[in-house]
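Written below as structure tokens is the structure these notes are about.
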């Protein structure tokens with residue numbers, strides 16, 4: 001009798017449990033209206049932060065333009081425009097995506113819209129071919145070649161640009177520019193003539209550069225090569241034999257492989273190394289073998305006209321006047 | 001009170017709805033002189049010159065690892081810095097507008 005009662009009780013409990021589940025009286029997960037994302041969206045490493053359509057910044061795109069904001073930029077050809085280009089720029093820790101929208105051009109007539117992964121000026125490219133993961137021809141993405149297949153292009157660093165040519169008045173296109181976080185920036189062009197930056201290469205066999213398109217006074221405050229277990233590195237006899245070092249480069253172009261070396265740093269140190277470099281482009285370039293966690297910290301400010309004049313007077317060589 | 005408000009509206013200069021920074025005229029003319037687009041690695045073609053269209057003629061064939069950029073812009077560093085400064089100003093203005101809109105929505 002007792003066994004029968006226990007069995008009946010268990011069956012009754014089970015029945016009540018099933019009814020509760022089916023009726024939905026058990027605890028449920030409340031969907032917070034504030035969060036419109038799905039429950040497990042936080043597992044997605046790409047944070048969704050697209051600006052709603054009504055808040056998207058919009059303005060016309062000019063034949064020569066520089067864009068440092070997210071938004072939609074529309075080019076309407078009032079007359080044939082055969083030589084146009086727009087530079088895109090983001091913060092050092094961001095990359096840029098460019099989406100083609102509402103493209104109305106005549107590819108067969110010779111129109112083109114070509115996005116380049118980097119900047120090209122006077123036949124020189126940034127990043128250089130040595131420092132960029134893609135071969136040169138893959139860095140150009142032509143709408144007329146890839147149009148419907150590839151409506152979005154993402155840069156590998158904080159700069160990109162677009163070249164376009166329109167033969168017919170009335171043709172138009174829109175580019176939507178967005179920025180995305182780059183957790184490990186490698187090649188950077190500085191937006192401003194002054195600031196500070198720390199470049200880190202986390203045990204990767206690659207070369208990274210930070211380009212400042214102004215004549216600057218630069219202070220390198222720290223250069224370290226950390227082992228994975230954070231033991232200090234022994235000083236190497238010379239930079240040429242070291243696979244890990246920092247170069248200061250200068251010149252009048254944007255291709256870092258064509259700039260002239262000003263000095264090399266290959267021994268870990270803490271303490272300011274101060275230099276004034278009168279070049280149009282000053283670059284801090286870090287070469288990493290991948291054995292260490294390489295890090296260099298520096299600050300910079302633009303040289304005023306007096307300092308530039310002093311540099312010119314004090315230097316015999318005609319190479320960018322550095323002290 | 002209404003009359004006073006109307007007077008204020010009429011006297012305040014209109015603000016542009018977009019934050020398009022206006023290029024000073026000397027800079028625009030200078031751009032016309034200095035800007036040229038180089039296509040296919042040849043000598044630069046001026047913006048008002050003929051259509052060189054070397055890209056269409058296969059200046060760089062896909063698969064061929066040429067280091068000469070098929071498209072390039074001849075621009076001085078001076079002009080590059082000028083447009084960069086304009087872009088920075090635009091970014092600051094746009095950020096200020098965005099902040100203003102956010103603060104306005106907080107106040108509602």
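Quick reminder: no glycine exception, Cβ is built from N, Cα and C everywhere.
The disulfide bond feature in TrEMBL is assigned to A:63-A:84, A:107-A:144, A:186-A:208, A:239-A:266, A:279-A:320. According to TrEMBL, the feature domain 'Corticotropin-releasing factor binding protein N-terminal' maps to A:56-180. Per TrEMBL, domain 'Corticotropin-releasing factor binding protein C-terminal' is recorded for A:188-309. Here TrEMBL flags A:1-26 as signal peptide.
Contact annotation for chain B: of the listed disulfide-bonded residues (A:84, A:186, A:208, A:266), A:84 place their CB atoms under 8 A from a CB atom of that chain. DSSP gives residue A:107 (disulfide bond) a helix state.
Fewest other C-beta atoms within 10 angstroms, among the disulfide-bonded residues A:63, A:107, A:208, A:266, are seen around A:107.
Here the disulfide-bonded residues are A:144, A:186; the one with the fewest Cβ atoms within 10 Å of its Cβ is A:144. Around residue A:320 (disulfide bond), the same-chain residues at least 6 positions away in sequence with a Cβ under 8 Å from its Cβ are A:215, A:250, A:251, A:252, A:260, A:262, A:277, A:278, A:279, A:280.
Residue A:84 (disulfide bond) falls within a strand when secondary structure is assigned with DSSP. In sequence order, A:63, A:64, A:75, A:163, A:164, A:165, A:166 are the residues near residue A:84 (disulfide bond), counting only same-chain partners six or more apart with C-beta under 8 A. Reduced to three states, the DSSP call for residue A:279 (disulfide bond) is coil. For the pair residue A:186 (disulfide bond) and residue A:266 (disulfide bond), the C-alpha distance works out to 19 angstrom.
Taking H, G and I as helix, E and B as strand and the rest as coil, DSSP gives the domain 'Corticotropin-releasing factor binding protein C-terminal' (A:188-309) the counts 11 helix, 66 strand, 45 coil. Within 10 Å of the Cα of residue A:266 (disulfide bond), not one of the disulfide-bonded residues from the list A:107, A:144, A:208 places its own Cα. A separation of roughly 32 Å, to the nearest angstrom, links the Cα atoms of residue A:144 (disulfide bond) and residue A:208 (disulfide bond).
Note: the CA-CA distance between residue A:107 (disulfide bond) and residue A:208 (disulfide bond) rounds to 37 Å.
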